[in-house]
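What TrEMBL records for this protein:
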COILED    240-267  coiled coil
TRANSMEM  19-47  transmembrane segment
TRANSMEM  67-92  transmembrane segment
TRANSMEM  113-137  transmembrane segment
TRANSMEM  205-227  transmembrane segment
Amino acid sequence: MGCFECCIKCLGGVPYASLVATILCFSGVALFCGCGHVALAGTVAILEQHFSTNTSDHALLSEVIQLMQYVIYGIASFFFLYGIILLAEGFYTTSAVKELHGEFKTTACGRCISGMFVFLTYVLGVAWLGVFGFSAVPVFMFYNIWSTCEVIKSPQSNGTSGVEQICVDVRQYGIIPWNAFPGKICGSALENICNTNEFYMSYHLFIVACAGAGATVIALIHFLMILSSNWAYLKDASKMQAYQDIKAKEEQELQDIQSRSKEQLNSYT
């Protein structure tokens, strides 16, 4: 076999669907974890500097955000390993399907592992749907603040008067208690917040993190379709193997019977 034929054979064994899903999963998780981590830190800075000057008022929120940042580390590590495992499983299943009629034999353990990955990927997909919805909450909050600032910048075009009466109260979102001071920012002070780098970066990073969570959901759905198809192929392969084993056994028994019959006939004659 020449070099070109070897390359074609190697490329034919690559699970391209699993490879695309793995790249999409890695990209989505990286965007969600990286941008989410930085955006959470910026959110804490905005709250401490403008909306809750008393540290005790947002102490619980700071602990929750710090815990979420640690969770982000765990998510990134887990999905890096899980994506590699699913890619390796894709290589295994591709080899099993392409060498169905060769010497390769699928095992019950292999089919069980494939079924386990289908179930686990389904659970992770449902969980990431919740993460995607949860990541849209800070985007909604920052969008409300940003749209309020746009009204303050051009009050005449929006038909409003009394800019100093236009306020944003983050206490209504439940992230800080109602006794937090000042809790509410109005007018030019709110516009100054929107012009800070912390607000600009946190807002756009939350949008990218939400998009990363959506990409991860799409990747897991893609993985789920691949794993379900591969599991069905392996199930068919096991049935075909069982049929071939029974057929070979029957043919061997038939040959044995014929050989014994010939031996008996020769002994009579």
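Glycine is treated like the rest: Cβ placed from N, Cα and C.
In the predicted model, the coiled coil (240-267) shows an average pLDDT of 70. Within the chain, the transmembrane segment (205-227) has long-range Cβ neighbours (under 8 A, six or more residues past its boundaries) at 15, 17-18, 20-22, 24-25, 27-33, 35-36, 38-39, 42, 79, 86, 89-90, 114, 117-118, 121-122, 124-125, 128-129, 131-132, 135-136, 138-139, 142.
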